[in-house]
Amino acid sequence: RGKFKEICERPDGSCRDFCLETEIHVGRCLNSRPCCLPLGHQPRIESTTPKKD
């Protein structure tokens, strides 16, 4: 595998310096920038929800 990209924990998220008002902060990218997910894609993420794999 080649170079490191700005990879978000969520596949449809995007890495930026700060999230827009229409986005939710969902995690961190490899370069420690926030990972932002546009609102409306899915319900608000609850930390109490167990993950199913």
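Every residue gets a Cβ built from N, Cα and C, even glycine.
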Cysteine paired with Cys15, where Swiss-Prot records a disulfide bond, from Cys29, Cys36: Cys29
Those disulfide-bonded residues listed as Cys29, Cys35, and which of them has the most Cβ atoms within 10 Å of its own Cβ: Cys35
Candidate nearest Cys29 (disulfide bond) in space, where candidates are the disulfide-bonded residues Cys19, Cys35, Cys36 and distance is Cα-Cα: Cys35
Between Cys15 (disulfide bond) and Cys35 (disulfide bond): CA-CA distance (Å): 5
